[in-house]
Amino acid sequence: MILGLEYFFPIFLWAPHYSFKLFRSDVVSGLTIASLAIPQGISYAKLANLPPIIGLYSSFVPPLLYALLGSSRHLAVGPVSIASLVMGSMLEESVSPTENPEIYLSLAFTATFFAGLFQASLGILRLGFIIDFLSKATLIGFTAGAAIIVSLQQLKGLLGIVHFTTKMQFVSVMSSVFHETNEWSWHTIIMGLSFLVFLLTARQMSMRRPKLFWISAAAPLTSVLISTLIIFIFKAQIKGISTIGHLPRGVNPPSANMLYFHAPYLSLALKTGIITGILSLTEGIAVGRTFASLKNYQVDGNKEMVAIGVMNMAGSCTSCYVTTGSFSRSAVNNSAGAQSAVSNIVMAATVLVTLLFLMPLFYYTPNVILGAIIVTAVIGLIDYQAALKLWRVDKLDFVACLCAFFGVLFISVQIGLVIAVGVSVFKILLNVTRPNTVILGNIPGTHIYQNLRRYGEASRIPYFLILGIESPIYFANSTYLQERLLRWVREEEEWIQTNKESPLKCVILDLTTVSSIDTSGLETIAELRRTLEKRSLQLVLVNPVGGVMEKLCRSKVLESFGPSGLYLTVGEAIADLSATYKAQLYMP
């Protein structure tokens, strides 16, 4: 029973060794991330077109559940910008949050439930590989595009525009900005720019000097308090700046009765839940693994999926929307000295105090400050250095990154995500169906054979064409490999004729890196041998690995190769066959 509790509730693993010294560090880090989570929670809820109080509710229940179920010591749980943006844009296409606020809220809770169900199912069934279809390259492009769209959407609040487009497209947003210049409010612009500069400066200071992390962590809450105080004192003189207004006091009300499981919006909630579930799961696990590697401990991916899924399912029944591990809050949590998931409990307790006693203080908080907080938070998602690295290392990955980026920026967030997944899958199919084949040469003075194009000192061996296959051989690539290998033979014969070298007598196929083979691959090798035999060329196999060797024997393909058709190394094959060819050359 104890082992079962430790497996399903990791808190039982570390709780017996917990000490007051660790608790002191967790209290400091918990209070620090709470100062960041409260203004971010309100801001991200508005990003999802939800009442601001939902963001605070989502920063109370989920962190408590994650502290019980999660395996990461540094993951700070709460709403995140990308999932909020995707949920808001997807639901808003079919249901207006202003005209049908009750249905919209019900769909948000229902989508959160489906997101949690999907996430927990992946963990229970150990199907986490599904989220790996979002490659690092496509995620860089997707998050950068989404960050720009999120930032541009905040121009509504930063400029004081009332009538603003609901579309998440670059052209639509910029068109709305410049068509509504008559609604621009200079009071709002001055306040927004002032606090935006303050927040960005605090962020830059913390990035340059990590020991000053608390400056950027406290800056959002400081901005909220100062701006609220300014509006409260000068409300008669300052006009045109919209505020949050009334926020209800009290803990999360139950919302299980609001879950929407019938037509016509069930498919919308399901689709939104799965997409936001994948995005939040990808971010949460990536953040958890990042800090686990920094602190030299391991995070169980399947347990994380179950933990995030359960907290979202429970959250959907307690007035919360999609939550996961936030990179910005987790970074602050780590910098503040967090030692365990207790920091999440301290953060949740701080949010609870806020919900019970401090809600009236947010009445005069200007919406423009929330926009500035969002811009500051998402600007870090634009990783241009990672994009430049993709260009230097892998051009195909860079193209995938650009496709996702421009898809989000100029079409829509959903289409951008579809493009990101599509490009990732296409890259997988391309690598599977078009594997790399190389021509090998001998490095002088050694028995080593390497790629002729990669090693300039490597040289061809007279009478031999040595080819290497760098992938498994199966039905998806067997036809291509056969055509490619025969093309290598034709090109080699043309090169020999042009350079008047010794005639080609043998093709050596190095199978060292071929990890597996199926029946289609076996037939390809047999057919390749027959084709080369008709051209008076011998095919020799070198070093097939265990599984490949077993199938070659079982299928009796090796019987047709004869006693000199299989060798352990390329050098051994050349040494043996060269003597045979030279003997044949000097025979009368």
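Cβ atoms are placed via backbone N, Cα and C, with glycine included.
Nobody curates TrEMBL annotations by hand; they come from automatic prediction.
What TrEMBL records for this protein:
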TRANSMEM  103-125  transmembrane segment
TRANSMEM  137-164  transmembrane segment
TRANSMEM  184-200  transmembrane segment
TRANSMEM  212-238  transmembrane segment
TRANSMEM  258-281  transmembrane segment
TRANSMEM  341-362  transmembrane segment
TRANSMEM  368-386  transmembrane segment
TRANSMEM  398-426  transmembrane segment
DOMAIN    454-577  domain 'STAS'
Remark   = Sequence-distant contacts of the transmembrane segment (341-362), meaning Cβ under 8 Å and at least 6 residues beyond its ends, amount to 11, 18, 22-23, 26-27, 29-31, 33-34, 37-38, 41-42, 52-53, 56-57, 59-61, 63-64, 66-67, 70, 72-77, 224, 228, 244, 247-251, 333
Remark   = In DSSP terms, the domain 'STAS' (454-577) comprises 59 helix, 21 strand, 44 coil
Query = So which of 103-125, 137-164, 212-238, 258-281 has the most C-beta pairs under 8 Å when paired with the transmembrane segment (368-386)?
reply = 137-164
Candidate ranges 137-164, 212-238, 258-281 - greatest C-beta contact count to the transmembrane segment (184-200) (under 8 angstroms) = 137-164
Note = Other same-chain positions with a Cβ less than 8 Å from the transmembrane segment (137-164) and lying at least 6 residues past its termini are 47, 81-82, 85-86, 170, 173-174, 176-177, 180, 183-185, 187-189, 192-193, 196, 240-242, 282, 367-368, 370-372, 374-375, 378-379, 381-384, 386-387, 390, 394, 397-398, 400-409, 413, 416-417, 420-421, 423-424
Request  = Check the domain 'STAS' (454-577) for me and report the mean pLDDT.
outcome  = 91
